[in-house]
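Copied over from Swiss-Prot:
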BINDING   D97, Y101, W118, R119, K120, E121, R122, H151, R152, G153, W154, D155, W156, S190  folate binding site
DISULFID  C31-C59  disulfide bond
DISULFID  C51-C99  disulfide bond
DISULFID  C60-C103  disulfide bond
DISULFID  C83-C169  disulfide bond
DISULFID  C90-C140  disulfide bond
DISULFID  C129-C203  disulfide bond
DISULFID  C133-C183  disulfide bond
DISULFID  C146-C163  disulfide bond
CARBOHYD  N115  N-linked glycosylation site
CARBOHYD  N195  N-linked glycosylation site
LIPID     N230  GPI-anchor amidated asparagine
SIGNAL    1-16  signal peptide
Amino acid sequence: MVWKWMPLLLLLVCVATMCSAQDRTDLLNVCMDAKHHKTKPGPEDKLHDQCSPWKKNACCTASTSQELHKDTSRLYNFNWDHCGKMEPACKRHFIQDTCLYECSPNLGPWIQQVNQSWRKERFLDVPLCKEDCQRWWEDCHTSHTCKSNWHRGWDWTSGVNKCPAGALCRTFESYFPTPAALCEGLWSHSYKVSNYSRGSGRCIQMWFDSAQGNPNEEVARFYAAAMHVNAGEMLHGTGGLLLSLALMLQLWLLG
C-alpha cells in the first residue's frame, strides 16, 4: 500500500527541496553567524594591523582585531606556538587568514550552516588565489606543527590547544607536503586553491591594499550571480516536476 502514497511523498520532498534552496538569498555584504562576528558589516575605523584593510566595511570589531593578533588570543584560546615558536613570516599568514575569517563581508557565496556549539555558520571551499596559498606554504614549511587538520583533535584539557598524545612535532612540510594540502586541509576545506591569480576577479585574496579598494567585492558578486543563475535553472526544472507530481496526486485522489 505504500506505493499509493508515493506521489504525495515525492511532492512533499520536492517542495522541501525547493524551499531549502531559497533559504539563503543574501550572498553579498553579509556576516557569518559565528562566535565573534557582528550581525551586519559596517565601518570600523580602528581595526588593528593586518585587519586594517577591512576598516571601511567589516564583520569584526576593533577589539576582535586586536585580540586575534596575540600569540594565544582569548578569541579561541588557540596557540600558534604549540610546537615551538612559529616563524614571524609564517604567523603573518595565519593572522591574515583569521582577519579574513572574522572581518570579511564578502564570503556569502561560500557560507554553509553547521551545528557547532560556537558557531552556526562557516565558509566552505572559498576559492583562494593560488599565489596566496603558495606564499603561505613557502613561508611556513620550516615552522613546526603536530597535526594536519587544526579544526579538531586537539588536547584542550588545559584550556589551550596542545598536541594530542602520540602526535609528533614536525615541519609543516611533513604534514602539508604541498601548498594545496596546507590551504585545503588545515581548516577542513574552508579554502579551495583556485587556478586564478590575484587581481583576476575570480579568486579571494587573503589580504589586500585597501587604498586600491577591496578586490573581494567583485569576486563575491561574480560567484553570487553564478549561484543565482544555477538556482534559477534548478527551480525552473523543479517547477515542471512539481506540476507533474501535482497532476499525479490529483489523479490518485480521484482514484
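Cβ from N, Cα, C; glycine included.
The structure, with features from Swiss-Prot marked on it.
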{"residue": "C60", "record": "disulfide bond", "DSSP class": "coil"}
{"residue": "C83", "record": "disulfide bond", "DSSP class": "coil"}
{"residue": "C90", "record": "disulfide bond", "DSSP class": "helix"}
{"residue": "C99", "record": "disulfide bond", "DSSP class": "helix"}
{"residue": "K120", "record": "folate binding site", "DSSP class": "strand"}
{"residue": "C146", "record": "disulfide bond", "DSSP class": "coil"}
{"residue": "R152", "record": "folate binding site", "DSSP class": "coil"}
{"residue": "C183", "record": "disulfide bond", "DSSP class": "helix"}
{"residue": "N195", "record": "N-linked glycosylation site", "DSSP class": "coil"}
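Of all residue pairs in the folate-binding list (D97, Y101, W118, R119, K120, E121, R122, H151, R152, G153, W154, D155, W156, S190), the one with the greatest Cα separation is 24 Å apart. Using W154 (folate binding site) as the reference Cα, a 10 A cut-off selects C163 from the disulfide-bonded residues C60, C103, C163. The two recorded residues, C103 (disulfide bond) and C59 (disulfide bond), show a Cα separation of 4 Å. In the structure shown, across all protein chains, W154 is the one of the binding-site residues W118, W154, W156 with the greatest number of other Cβ atoms within 10 Å. There are 28 other CB atoms within 10 A of the CB of C103 (disulfide bond), with all protein chains counted. For C203 (disulfide bond), the recorded positions whose C-alpha atoms fall inside a 10 Å radius of its own C-alpha are N195, out of C31, C59, K120, C146, C169, N195. Spacing of C140 (disulfide bond) relative to R122 (folate binding site) is 24 Å (Cα to Cα, whole number). Counting only the Cα atoms, the space from C99 (disulfide bond) to R122 (folate binding site) is about 14 angstrom. Of all the disulfide-bonded residues listed (C31, C51, C59, C133, C146), C146 has the fewest other CB atoms within 10 A of its CB.
Checking each of the recorded positions (C83, R122, C169, N195) against C129 (disulfide bond), the C-alpha distance stays within 10 Å for N195. Here the C-alpha separation of W156 (folate binding site) and C163 (disulfide bond) works out to 9 Å.
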